[in-house]
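Visitor: Below you will find the structure I want to go over with you.
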Amino acid sequence: MVSIVLAGGGTAGHTSPLIATAERLREQEPGVSLVAVGTPKGIESRVIPAAGLDLRMIPPVPLPRSLTPALARVPAKLWDAVRQAGAILDEVDADAVVGFGGYVSLPVYLAAKKRGVPVVLHEQNAVPGLANKIAATFAKVVAVTFPGTPLRGARFVGMPLRSAISDLDVTTDRPPALAALGLSGERPVLLVSGGSQGAVAINDATFAARDDLLAAGVDILHVLGPKNMTPDLVEVTDPATGALYRPVAYVDAMEQAYAAADVMVGRSGAGTVMETATVGLPVVFVPLPHGNGEQARNVSFLVEGGAGILVPNAELDGPRLLAEVLPLIQNPERLAAVRERLAGLVPADAAADLAAMVLRVAPGE
(Lines of atoms letter the chains of each structure in order from A and count residues from 1; the text may use other names and numbers.)
(Lines give C-alpha, C1' and ligand atoms only; values in the text may rest on other atoms or scores of the structure.)
Protein backbone atom coordinates (compact mmCIF):
# COMPACT_ATOMS: atom_id res chain seq x y z
CA MET A 1 0.00 0.00 0.00
CA VAL A 2 1.28 3.44 -0.93
CA SER A 3 1.51 5.90 1.97
CA ILE A 4 1.29 9.62 1.20
CA VAL A 5 1.57 12.52 3.65
CA LEU A 6 -0.05 15.80 2.62
CA ALA A 7 1.00 19.06 4.29
CA GLY A 8 -0.71 22.41 4.08
CA GLY A 9 -2.87 24.71 6.10
CA GLY A 10 -3.58 28.08 7.58
CA THR A 11 -6.01 29.23 4.91
CA ALA A 12 -8.35 27.77 2.32
CA GLY A 13 -5.75 28.71 -0.29
CA HIS A 14 -3.59 25.86 1.03
CA THR A 15 -6.23 23.39 2.20
CA SER A 16 -8.51 23.41 -0.85
CA PRO A 17 -5.87 22.12 -3.31
CA LEU A 18 -4.73 19.60 -0.69
CA ILE A 19 -8.24 18.17 -0.41
CA ALA A 20 -8.70 18.17 -4.19
CA THR A 21 -5.42 16.29 -4.69
CA ALA A 22 -6.34 13.76 -2.01
CA GLU A 23 -9.61 13.14 -3.85
CA ARG A 24 -7.73 12.31 -7.07
CA LEU A 25 -5.12 10.20 -5.25
CA ARG A 26 -7.90 7.99 -3.94
CA GLU A 27 -9.34 7.63 -7.43
CA GLN A 28 -5.99 6.77 -9.04
CA GLU A 29 -4.68 4.51 -6.27
CA PRO A 30 -7.53 2.73 -4.46
CA GLY A 31 -6.42 1.78 -0.97
CA VAL A 32 -3.79 4.54 -0.77
CA SER A 33 -3.00 5.62 2.78
CA LEU A 34 -3.43 9.39 3.16
CA VAL A 35 -2.48 11.38 6.25
CA ALA A 36 -2.62 15.18 6.36
CA VAL A 37 -0.44 17.32 8.61
CA GLY A 38 -1.68 20.67 9.87
CA THR A 39 -1.63 22.97 12.88
CA PRO A 40 -4.30 23.46 15.56
CA LYS A 41 -4.72 27.14 14.67
CA GLY A 42 -5.49 26.85 10.97
CA ILE A 43 -8.67 26.23 9.00
CA GLU A 44 -7.39 22.70 8.37
CA SER A 45 -8.46 21.60 11.85
CA ARG A 46 -12.04 21.84 10.59
CA VAL A 47 -12.07 21.32 6.82
CA ILE A 48 -9.60 18.43 6.48
CA PRO A 49 -11.42 16.02 8.85
CA ALA A 50 -14.69 17.11 7.21
CA ALA A 51 -13.21 15.89 3.91
CA GLY A 52 -12.64 12.44 5.41
CA LEU A 53 -8.88 12.77 5.87
CA ASP A 54 -6.84 11.72 8.89
CA LEU A 55 -5.27 14.91 10.30
CA ARG A 56 -2.19 14.99 12.52
CA MET A 57 -1.08 18.17 14.26
CA ILE A 58 2.28 19.86 14.69
CA PRO A 59 2.91 23.33 16.17
CA PRO A 60 2.92 26.29 13.77
CA VAL A 61 6.25 28.04 13.24
CA PRO A 62 5.60 31.52 11.82
CA LEU A 63 8.69 33.01 10.23
CA PRO A 64 9.07 36.74 11.04
CA ARG A 65 9.53 38.93 7.97
CA SER A 66 11.82 41.35 9.83
CA LEU A 67 14.47 41.33 12.55
CA THR A 68 12.50 41.03 15.78
CA PRO A 69 13.10 39.25 19.10
CA ALA A 70 10.77 36.50 17.86
CA LEU A 71 13.34 35.59 15.21
CA ALA A 72 15.72 34.26 17.87
CA ARG A 73 13.13 31.72 18.97
CA VAL A 74 12.50 30.34 15.48
CA PRO A 75 15.32 27.73 15.26
CA ALA A 76 14.27 25.87 18.42
CA LYS A 77 10.58 25.97 17.48
CA LEU A 78 11.32 24.89 13.92
CA TRP A 79 13.41 21.89 14.88
CA ASP A 80 10.84 20.79 17.45
CA ALA A 81 8.21 20.90 14.68
CA VAL A 82 10.58 19.00 12.35
CA ARG A 83 11.01 16.33 15.03
CA GLN A 84 7.24 15.96 15.41
CA ALA A 85 6.72 15.89 11.65
CA GLY A 86 9.40 13.22 11.36
CA ALA A 87 7.64 11.07 13.94
CA ILE A 88 4.48 11.20 11.80
CA LEU A 89 6.42 10.23 8.65
CA ASP A 90 7.99 7.31 10.49
CA GLU A 91 4.68 6.16 11.98
CA VAL A 92 2.91 5.98 8.61
CA ASP A 93 6.03 4.79 6.73
CA ALA A 94 5.60 7.62 4.22
CA ASP A 95 6.47 6.91 0.59
CA ALA A 96 6.13 10.55 -0.46
CA VAL A 97 5.22 13.98 0.87
CA VAL A 98 3.13 16.45 -1.09
CA GLY A 99 3.06 19.96 0.35
CA PHE A 100 1.01 23.03 -0.42
CA GLY A 101 2.89 25.70 1.49
CA GLY A 102 2.05 27.58 4.65
CA TYR A 103 3.67 27.42 8.08
CA VAL A 104 3.04 23.71 8.49
CA SER A 105 4.77 22.63 5.30
CA LEU A 106 8.37 23.60 6.02
CA PRO A 107 8.86 21.23 9.00
CA VAL A 108 7.33 18.39 6.99
CA TYR A 109 9.54 19.16 3.98
CA LEU A 110 12.67 19.19 6.16
CA ALA A 111 11.71 15.98 7.96
CA ALA A 112 11.15 14.28 4.60
CA LYS A 113 14.51 15.50 3.26
CA LYS A 114 16.29 14.12 6.32
CA ARG A 115 14.72 10.69 5.71
CA GLY A 116 15.12 10.61 1.94
CA VAL A 117 11.35 10.68 1.41
CA PRO A 118 10.53 12.23 -1.99
CA VAL A 119 8.89 15.65 -1.83
CA VAL A 120 6.37 17.06 -4.30
CA LEU A 121 5.36 20.66 -3.72
CA HIS A 122 2.58 22.77 -5.14
CA GLU A 123 2.72 26.57 -5.11
CA GLN A 124 -0.64 28.31 -5.40
CA ASN A 125 0.50 31.88 -6.01
CA ALA A 126 2.47 33.66 -8.70
CA VAL A 127 4.71 34.96 -5.89
CA PRO A 128 6.03 31.87 -4.03
CA GLY A 129 5.95 31.53 -0.26
CA LEU A 130 9.10 30.95 1.79
CA ALA A 131 8.42 27.29 2.64
CA ASN A 132 8.07 26.35 -1.01
CA LYS A 133 11.09 28.44 -2.00
CA ILE A 134 13.21 26.39 0.40
CA ALA A 135 11.69 23.05 -0.58
CA ALA A 136 12.11 23.76 -4.30
CA THR A 137 15.86 23.33 -3.85
CA PHE A 138 15.47 19.61 -3.09
CA ALA A 139 11.94 18.58 -4.17
CA LYS A 140 11.47 15.86 -6.79
CA VAL A 141 8.59 17.80 -8.38
CA VAL A 142 7.89 21.54 -8.23
CA ALA A 143 4.37 22.17 -9.49
CA VAL A 144 2.99 25.68 -9.88
CA THR A 145 -0.41 27.23 -10.48
CA PHE A 146 0.72 30.04 -12.76
CA PRO A 147 3.15 30.08 -15.69
CA GLY A 148 6.33 32.00 -14.98
CA THR A 149 6.33 31.37 -11.22
CA PRO A 150 9.96 31.91 -10.12
CA LEU A 151 10.80 28.51 -8.62
CA ARG A 152 13.61 26.26 -9.81
CA GLY A 153 12.38 23.43 -12.01
CA ALA A 154 8.78 24.67 -11.93
CA ARG A 155 6.15 22.76 -13.92
CA PHE A 156 2.95 24.59 -14.82
CA VAL A 157 0.08 22.31 -13.79
CA GLY A 158 -2.57 24.81 -12.68
CA MET A 159 -4.60 24.71 -9.48
CA PRO A 160 -5.89 21.41 -8.04
CA LEU A 161 -9.65 21.91 -7.79
CA ARG A 162 -12.54 19.93 -6.37
CA SER A 163 -14.12 17.64 -8.95
CA ALA A 164 -17.34 19.67 -8.62
CA ILE A 165 -15.39 22.51 -10.27
CA SER A 166 -13.04 20.66 -12.63
CA ASP A 167 -15.83 18.41 -13.92
CA LEU A 168 -18.36 21.23 -14.34
CA ASP A 169 -20.19 21.14 -17.68
CA VAL A 170 -21.92 24.48 -18.14
CA THR A 171 -24.21 23.14 -20.86
CA THR A 172 -25.80 20.54 -18.59
CA ASP A 173 -25.16 22.13 -15.18
CA ARG A 174 -26.47 25.62 -15.97
CA PRO A 175 -30.26 24.92 -15.85
CA PRO A 176 -30.24 23.28 -12.38
CA ALA A 177 -27.82 25.95 -11.11
CA LEU A 178 -30.13 28.74 -12.25
CA ALA A 179 -33.07 27.04 -10.58
CA ALA A 180 -31.17 26.54 -7.32
CA LEU A 181 -30.20 30.22 -7.24
CA GLY A 182 -33.65 31.50 -8.10
CA LEU A 183 -32.71 32.88 -11.51
CA SER A 184 -34.81 32.48 -14.63
CA GLY A 185 -32.09 32.13 -17.26
CA GLU A 186 -34.07 34.44 -19.55
CA ARG A 187 -31.44 37.19 -19.27
CA PRO A 188 -27.64 37.31 -18.97
CA VAL A 189 -26.38 36.84 -15.41
CA LEU A 190 -23.65 38.88 -13.73
CA LEU A 191 -22.05 37.24 -10.69
CA VAL A 192 -20.44 39.67 -8.25
CA SER A 193 -18.32 38.28 -5.40
CA GLY A 194 -15.49 39.71 -3.36
CA GLY A 195 -14.62 36.38 -1.75
CA SER A 196 -15.82 34.82 1.49
CA GLN A 197 -15.48 38.11 3.39
CA GLY A 198 -16.79 40.36 0.64
CA ALA A 199 -15.03 43.42 -0.77
CA VAL A 200 -16.14 46.98 -0.03
CA ALA A 201 -14.94 48.52 -3.31
CA ILE A 202 -16.62 45.83 -5.42
CA ASN A 203 -19.84 46.02 -3.41
CA ASP A 204 -19.99 49.83 -3.60
CA ALA A 205 -19.40 49.85 -7.36
CA THR A 206 -22.13 47.25 -7.79
CA PHE A 207 -24.60 49.31 -5.77
CA ALA A 208 -23.78 52.33 -7.94
CA ALA A 209 -24.19 50.39 -11.20
CA ARG A 210 -27.15 48.24 -10.16
CA ASP A 211 -30.02 50.24 -11.65
CA ASP A 212 -28.25 50.72 -14.99
CA LEU A 213 -27.42 47.01 -15.19
CA LEU A 214 -31.03 46.07 -14.47
CA ALA A 215 -32.26 48.59 -17.03
CA ALA A 216 -29.95 46.93 -19.56
CA GLY A 217 -31.64 43.58 -18.85
CA VAL A 218 -28.87 41.99 -16.77
CA ASP A 219 -29.69 39.80 -13.77
CA ILE A 220 -27.28 40.29 -10.85
CA LEU A 221 -26.34 37.66 -8.27
CA HIS A 222 -24.46 39.69 -5.64
CA VAL A 223 -22.53 37.65 -3.07
CA LEU A 224 -21.74 40.23 -0.41
CA GLY A 225 -20.13 38.26 2.41
CA PRO A 226 -21.96 37.69 5.73
CA LYS A 227 -20.69 40.87 7.42
CA ASN A 228 -21.95 43.04 4.55
CA MET A 229 -25.43 41.52 4.24
CA THR A 230 -27.54 44.14 6.01
CA PRO A 231 -31.35 44.07 6.43
CA ASP A 232 -31.84 46.94 3.97
CA LEU A 233 -30.45 44.86 1.12
CA VAL A 234 -33.42 43.29 -0.64
CA GLU A 235 -34.23 41.93 -4.06
CA VAL A 236 -35.02 44.50 -6.73
CA THR A 237 -36.76 43.88 -10.06
CA ASP A 238 -36.65 46.36 -12.93
CA PRO A 239 -40.27 46.98 -13.98
CA ALA A 240 -39.38 47.45 -17.64
CA THR A 241 -36.90 44.62 -18.27
CA GLY A 242 -37.83 42.19 -15.49
CA ALA A 243 -34.14 41.93 -14.58
CA LEU A 244 -33.49 40.83 -10.99
CA TYR A 245 -30.95 42.01 -8.41
CA ARG A 246 -30.49 39.22 -5.86
CA PRO A 247 -28.22 39.95 -2.87
CA VAL A 248 -27.02 36.97 -0.80
CA ALA A 249 -24.58 36.64 2.08
CA TYR A 250 -22.82 33.61 0.58
CA VAL A 251 -23.26 30.73 -1.83
CA ASP A 252 -22.62 27.26 -0.40
CA ALA A 253 -21.73 25.75 -3.78
CA MET A 254 -19.78 28.26 -5.85
CA GLU A 255 -19.82 25.84 -8.77
CA GLN A 256 -23.53 26.61 -9.08
CA ALA A 257 -22.84 30.34 -9.22
CA TYR A 258 -20.14 29.78 -11.86
CA ALA A 259 -22.48 27.62 -13.94
CA ALA A 260 -25.28 30.20 -13.77
CA ALA A 261 -23.16 33.25 -14.61
CA ASP A 262 -22.20 34.72 -17.97
CA VAL A 263 -19.68 37.18 -16.50
CA MET A 264 -18.20 37.67 -13.03
CA VAL A 265 -16.72 40.63 -11.18
CA GLY A 266 -14.40 39.57 -8.36
CA ARG A 267 -11.00 39.54 -6.69
CA SER A 268 -8.06 37.70 -8.21
CA GLY A 269 -6.95 35.32 -5.51
CA ALA A 270 -5.35 32.20 -6.93
CA GLY A 271 -8.40 30.03 -6.28
CA THR A 272 -10.85 32.40 -7.93
CA VAL A 273 -8.60 32.94 -10.95
CA MET A 274 -8.10 29.25 -11.64
CA GLU A 275 -11.63 28.11 -10.76
CA THR A 276 -13.24 30.62 -13.11
CA ALA A 277 -10.68 29.96 -15.84
CA THR A 278 -11.20 26.20 -15.59
CA VAL A 279 -14.98 26.49 -15.96
CA GLY A 280 -14.60 29.06 -18.76
CA LEU A 281 -16.19 32.03 -16.97
CA PRO A 282 -15.10 35.49 -18.22
CA VAL A 283 -14.15 37.73 -15.28
CA VAL A 284 -13.49 41.39 -14.60
CA PHE A 285 -10.78 41.05 -11.95
CA VAL A 286 -10.27 43.68 -9.24
CA PRO A 287 -7.06 42.66 -7.42
CA LEU A 288 -6.80 43.18 -3.68
CA PRO A 289 -4.62 46.30 -3.38
CA HIS A 290 -2.57 45.02 -0.43
CA GLY A 291 0.31 42.61 0.14
CA ASN A 292 3.06 42.16 -2.43
CA GLY A 293 0.89 42.62 -5.49
CA GLU A 294 0.39 38.89 -5.94
CA GLN A 295 -3.29 39.18 -6.88
CA ALA A 296 -2.43 41.35 -9.89
CA ARG A 297 0.33 38.93 -10.87
CA ASN A 298 -2.03 35.97 -10.51
CA VAL A 299 -4.19 37.25 -13.35
CA SER A 300 -1.51 38.70 -15.62
CA PHE A 301 -1.30 35.63 -17.87
CA LEU A 302 -5.05 35.75 -18.54
CA VAL A 303 -5.01 39.47 -19.26
CA GLU A 304 -2.04 39.07 -21.61
CA GLY A 305 -3.85 36.21 -23.33
CA GLY A 306 -6.98 38.27 -23.91
CA ALA A 307 -8.95 36.07 -21.52
CA GLY A 308 -9.42 38.41 -18.57
CA ILE A 309 -9.96 42.06 -17.68
CA LEU A 310 -8.09 43.78 -14.84
CA VAL A 311 -9.37 46.92 -13.12
CA PRO A 312 -7.24 48.38 -10.30
CA ASN A 313 -9.15 48.65 -7.04
CA ALA A 314 -8.67 52.43 -6.90
CA GLU A 315 -10.22 52.84 -10.35
CA LEU A 316 -13.35 50.79 -9.71
CA ASP A 317 -16.62 52.68 -9.44
CA GLY A 318 -20.09 52.34 -10.89
CA PRO A 319 -19.35 53.86 -14.32
CA ARG A 320 -16.15 51.79 -14.73
CA LEU A 321 -17.99 48.60 -13.80
CA LEU A 322 -20.66 49.36 -16.39
CA ALA A 323 -18.03 50.20 -19.01
CA GLU A 324 -16.30 46.84 -18.54
CA VAL A 325 -19.31 44.56 -18.00
CA LEU A 326 -21.95 45.69 -20.49
CA PRO A 327 -19.87 45.47 -23.72
CA LEU A 328 -18.86 41.95 -22.67
CA ILE A 329 -22.07 40.48 -21.27
CA GLN A 330 -24.19 41.84 -24.14
CA ASN A 331 -21.92 40.39 -26.83
CA PRO A 332 -22.32 36.60 -27.21
CA GLU A 333 -19.55 36.40 -29.82
CA ARG A 334 -17.07 38.13 -27.52
CA LEU A 335 -18.08 35.90 -24.61
CA ALA A 336 -17.54 32.79 -26.73
CA ALA A 337 -14.12 34.06 -27.82
CA VAL A 338 -13.03 34.63 -24.22
CA ARG A 339 -14.22 31.15 -23.20
CA GLU A 340 -12.24 29.64 -26.07
CA ARG A 341 -9.09 31.49 -25.01
CA LEU A 342 -9.53 30.34 -21.41
CA ALA A 343 -9.70 26.72 -22.54
CA GLY A 344 -6.31 27.09 -24.19
CA LEU A 345 -4.60 28.74 -21.22
CA VAL A 346 -5.49 26.55 -18.24
CA PRO A 347 -4.81 22.81 -17.67
CA ALA A 348 -8.06 20.86 -17.49
CA ASP A 349 -7.50 18.84 -14.29
CA ALA A 350 -4.53 19.91 -12.20
CA ALA A 351 -5.55 17.72 -9.26
CA ALA A 352 -5.40 14.57 -11.39
CA ASP A 353 -2.08 15.63 -12.93
CA LEU A 354 -0.54 16.40 -9.54
CA ALA A 355 -1.81 13.14 -8.05
CA ALA A 356 -0.18 11.22 -10.91
CA MET A 357 3.13 13.03 -10.27
CA VAL A 358 2.99 12.11 -6.58
CA LEU A 359 2.33 8.45 -7.32
CA ARG A 360 5.20 8.35 -9.84
CA VAL A 361 7.77 9.44 -7.24
CA ALA A 362 6.37 7.28 -4.42
CA PRO A 363 8.25 3.96 -4.33
CA GLY A 364 5.35 2.11 -2.67
CA GLU A 365 5.73 -1.39 -1.33
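Including glycine, each Cβ sits where the backbone N, Cα and C put it.
Under the heading UDP-N-acetyl-alpha-D-glucosamine binding site, TrEMBL lists T11, A12, G13, N125, R162, S196, Q295. Residues or ranges marked as domain 'Glycosyltransferase family 28 N-terminal' by TrEMBL: 4-143. Sequence annotations record features per position, and here TrEMBL assigns domain 'Glycosyl transferase family 28 C-terminal' to 189-341.
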Visitor: In sequence order, what residues of the same chain, 6+ apart, have a Cβ less than 8 Å from the Cβ of N125 (UDP-N-acetyl-alpha-D-glucosamine binding site)?
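Guide: Spatial neighbours, sequence-distant, of N125 (UDP-N-acetyl-alpha-D-glucosamine binding site): G13, T145, F146, T149, A270, E294, R297, N298.
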Visitor: My understanding is the cutoff is Cβ-Cβ under 8 Å with a sequence separation of 6 or more in the same chain; which residues meet that for Q295 (UDP-N-acetyl-alpha-D-glucosamine binding site)?
Guide: R267, S268, G269, F285, P287, L288
Visitor: Would you mind listing, in sequence order, the residues at least six apart from R162 (UDP-N-acetyl-alpha-D-glucosamine binding site) in the same chain with a Cβ closer than 8 Å to its Cβ?
Guide: S16, I19, A20, E23, E255, A351
Visitor: On average, what pLDDT score does this prediction assign to the domain 'Glycosyltransferase family 28 N-terminal' (4-143)?
Guide: 91
Visitor: According to DSSP, which kind of secondary structure is T11 (UDP-N-acetyl-alpha-D-glucosamine binding site) found in, if we only use helix, strand and coil?
Guide: coil
Visitor: Including all protein chains displayed, how many Cβ atoms other than that of G13 (UDP-N-acetyl-alpha-D-glucosamine binding site) lie within 10 Å of its Cβ?
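Guide: G13 (UDP-N-acetyl-alpha-D-glucosamine binding site) is surrounded by 19 other Cβ atoms within 10 Å.
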Visitor: Across all chains shown, how many C-beta atoms besides its own are within 10 angstroms of the C-beta of A12 (UDP-N-acetyl-alpha-D-glucosamine binding site)?
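Guide: There are 17 of them.
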Visitor: Please work out the helix, strand and coil residue numbers for the domain 'Glycosyltransferase family 28 N-terminal' (4-143) from the DSSP assignment.
Guide: 64 helix, 26 strand, 50 coil
